[in-house]
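The region 'Large ATPase domain (RuvB-L)' annotation in Swiss-Prot covers 4-184 and rests on sequence analysis. Annotation comment: Swiss-Prot describes ILE23, ARG24, GLY65, LYS68, THR69, THR70, GLU131, ASP132, TYR133, ARG174, TYR184, ARG221 as ATP binding site. Look at Swiss-Prot and you will find THR69 tagged as Mg(2+) binding site, backed by sequence analysis. Summarising the annotation, Swiss-Prot assigns region 'Small ATPAse domain (RuvB-S)' to 185-255. Positions annotated as region 'Head domain (RuvB-H)' by Swiss-Prot: 258-334. The DNA binding site annotation in Swiss-Prot covers ARG294, ARG313, ARG318, and the record cites sequence analysis as its basis.
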Amino acid sequence: MIEADRLISAEPINEEEILDRAIRPKLLTEYVGQPHVREQMEIFIQAAKQRGDALDHLLIFGPPGLGKTTLANIVANEMGVNLRTTSGPVLEKAGDLAAMLTNLEPHDVLFIDEIHRLSPVVEEVLYPAMEDYQLDIMIGEGPAARSIKLDLPPFTLVGATTRAGSLTSPLRDRFGIVQRLEFYQVADLQHIVSRSANCLGLDLSEEGAHQVARRARGTPRIANRLLRRVRDFAEVRANGVINGEVAMQALDMLNVDAEGFDYMDRKLLLAIIDKFTGGPVGLDNLAAAIGEERETIEDVIEPFLIQQGFIQRTPRGRMATNHAYKHFGMVREE
C-alpha cells in the first residue's frame, strides 16, 4: 500500500494543501499544543526582534504531520519577513542553493523541508552561509579555477526533518535552536479540530470534535483530514450536522478504529502476533510479511504504535505488547 493512500497517513496530499493553508495558524497566539516549544519560540523571537537581529537558525524534528511547516510559517510571520520554501531532494546542485541564498532579503526565513536529504555537495555550500553569512563560489575550471566569496544578508535557516539522526554532525551543530515536536494530546487536537471546523463553517459539536481528535493518532494533519471526510459523510447522511454519533459512524465507515488504527496498523500488529508469535521479529522480516517498505514502517507506521505502547523495540527486533493483544481481544500464550 502506498503511504499517501492511507486516510490516516501523516504525509500531505496535494489537493489538501490549499485548504490546509486556509486553516493553518499564522501566529504563536493561534498555535495550539507543544507548550514548551511555543514558550521558547516566543522568547527567542521577541529577543531577536528587540536586538534587530535575524532569528538564530532553527531545526525542527519529529514525526510527520505535527506542524513543522506551520511553525516555519509562524516564525516568518512573527518576524515580519519573507518565507522562502524548498526541500532537500529539490536542491540537487550547489547552484540551486546558491540561487535561493542570493535572493534572500535581510532577516528572511529559508525553510528546507526534509533537510536530511541534502546532498553532501549542497551541504558544504550551506556551512559558511549559516555560520558566516557567506557564499563560496567556484569560478572557472581546471587550473584556472578560483574561489570567490559573496556576502549574504543575515537570514534564518529553518530545517525540518523526520529523521534528525540522519543529519551530519557539522550540519546539526550549526543550528542554534533545536525543537522536537511531540504527538499531540487529545484535548489539544480537539481544540485544533474545532478551530478548523469554524474556519470551514461546519456545524460540529464538542463531542463530534472529540471523536475526531481521539482517532487522529496525535497528529493535527490526520485530524484535519479526518474532519474533512466526516464532513462529507455528514453532508450526505446527516444534513451537515456533525455530532458525536455522526462522527463515530463516519469514522467506523472509514475503518479507523477507536485507537486511530487503520488497516495497515492492524495488519502490522497482527503480523507480529500471528506470524511471529508476538516477536521479536526483525524489521526486514516484518516488512516482507506485510508487503511494506522498512522505511515506511520505521518512520510512519511504527512511531505512534510504540509511543502508545502497542509495540516494543528490543535488540532482537519488534515485539507486540500485552496492550496489543488486548486490543484484538487476545491473550498472550506464555
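The backbone N, Cα and C atoms fix where each Cβ goes, and this holds for glycine too.
Quick caveat, the model's predicted, so the values are computed rather than measured.
Ranking the binding-site residues ARG294, ARG313, ARG318 by the distance of their Cα atoms from the Cα of TYR184 (ATP binding site) places ARG313 first. Cα of ARG294 (DNA binding site) to Cα of GLY65 (ATP binding site): a span of 19 Å. Listed binding-site residues: TYR133, TYR184. The one with the lowest count of other Cβ atoms within 10 Å of its Cβ is TYR133.
In this structure, of the binding-site residues ARG313, ARG318, the smallest number of CB atoms within 10 A of the CB marks ARG313. THR69 (ATP binding site) sits 29 Å from ARG313 (DNA binding site), counting Cα to Cα. Take the Cα of ARG318 (DNA binding site) and measure to each of the binding-site residues ILE23, GLY65, GLU131, TYR133: the nearest one is GLY65. For ARG313 (DNA binding site), the nearest of the binding-site residues by C-alpha distance turns out to be GLY65; the candidates were ILE23, GLY65, TYR133.
In this structure the residues listed as binding ATP are ILE23, ARG24, GLY65, LYS68, THR69, THR70, GLU131, ASP132, TYR133, ARG174, TYR184, ARG221; their two most distant Cα atoms lie 37 Å apart.
In sequence order, ARG174 constitute the residues six or more apart from GLU131 (ATP binding site) in its chain with CB-CB distances below 8 Å. In sequence order, ARG195, SER196, CYS199, LEU200, ASN224 are the residues of the chain that are 6 or more apart from ILE23 (ATP binding site) and have a CB within less than 8 Å of its CB.
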